Amino acid sequence: MSEKGKVVLAYSGGLDTSCLLKYLQDDGYDVVSCIAALGQPSEERCDIDAVNEKAKKLGAVAAYDVDIRDEFAEDFIAKAIFANGMYENKYPLLSALSRPAICRHLVKVAQAEGAVAIAHGCTGKGNDQVRFELECKALDPTLEILGPVRSWELTTRSSEIEYAQSRGIPVDATKENPYSIDENVWGRAIECGVLEDPWNEAPKGAWAITVDPEDAPDEARDVVLGFEAGLPVSIDGQRMKLYDLIAALNKIVGSHGFGRIDMIEDRLVGLKSRECYEQPGALAIIMAHKQLECLCLPGDVLHTKLQLEHDWSRQVYNGLWYSPLKDALDAFFASTQKTVTGEVRLHLYKGSCTVTGSRANSSMYDFGLATYDKGDTFDRTAAKGFMDLFGLPNRVWAERRVEREKAAGVVAAAQIAAMGQKQAEATGSGEAGAEGTASK
Ligand code: ARG
């Protein structure tokens, strides 16, 4: 047993966390590695057995892997679908959602192993460090959270490679990726490299799970998404569990070139960063879900929900998944979703995805009330009385304004007259003066 006890390291098998594995041992810890499978849609999928092997070779006293693909979909993504979760109205939070899922297991492993700390390989400039710190601490406040990358001296890639070589860490130079990538079944995040200049167009090679819209098939495709109580359950009538549905939809939608996001994002630590995302399934699901909500929910519920969605997304982005406010918002959203059951048709064509139809048994859309044709059940004669009362406060306010303006007009006229009088007196050409002259 090392002097400082055990630390659980969120391990990916990459260069950064491999250096970290050694570094923590040098620092006096026994390292337990832990890697989580969340469903990587691109070819960059890692071989979990090989990662565990590598961890052990580098001195890990134990190597855990957890397959949390279904749990991630059902406990985390599902809540994001309820909330139509999009940070700054654009980014469906793929990394932000995965961290609380990973933290849940890091803490479990730490508790099972009697570890004193959890370590991550995040830099000091990003959001992920905040999420690891806050979310692990929210689950177990007694654990210490270590982020050695923030302070270690291996700040350049070459110094890292040098350290790796000196410590027997295998370095695969061909694996060097020009970007920082994070991915799971909810999508793929791409940052750094040439993207750091926001004017640079993302190179074709940056994208992995969406085809270039120009290369997408000339033939359009319709997809019908079925929802039950706010969650997607089928594609074109074929029922699937949530994880499989998202994975399948990523392929279908991505192959038609839809799902790319290019954004300038406000990080929690205060800086703006340029990030590209590909989230074909996520964007399509949220689009369809919003349409179905419009059909199934009363307007006032929708309007309030819309405001709270923004709060929820910020809360999740900021590493506050495990927080009372986020829980309360989840409870609100859950109560709105019971009747969100139905189908939405999406039309995919060369980079676009549009809603072309929706239907639901408990739809609040009433044909009789809406139609301008035969069968109209709407009482149009009631509209006049409705407007009289609905507009009453505004009408009274307008009347007062007109009165005020009139009164102000009278005052202004009197003031102008008074000014004229004063001026006349000053120049001696006023009425009084004239009179005086005349009397001479
Ligand atoms: N900016 C996004 C977020 O904070 C994505 C982060 C992706 N992480 C990465 N290591 N590339 O949620």
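Even glycines carry a Cβ here, placed using N, Cα and C.
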Which of Gly121, Gly124, Gly126 does TrEMBL put in the same ATP site as Ala10, Tyr11, Ser12, Gly13, Gly14, Leu15, Asp16, Thr17, Ser18, Ala36? Gly121
May I ask for the distance between Ala10 (ATP binding site) and Asp128 (L-aspartate binding site), taken between their Cα atoms and rounded to an integer number of Å? 12
In DSSP terms, helix, strand or coil for Asp16 (ATP binding site)? helix
Please check each of the binding-site residues Asp16, Ser18, Gly121, Asn127, Ser180 and report the ones with a CB atom less than 6 Å from an atom of ligand 1, ordered along the sequence. Asn127, Ser180
Using the residues the record lists for L-citrulline (Tyr91, Asn127, Arg131, Ser180, Glu265, Tyr277), what whole-number Å value is the largest Cα to Cα distance? 19
According to DSSP, which kind of secondary structure is Glu265 (L-citrulline binding site) found in, if we only use helix, strand and coil? strand
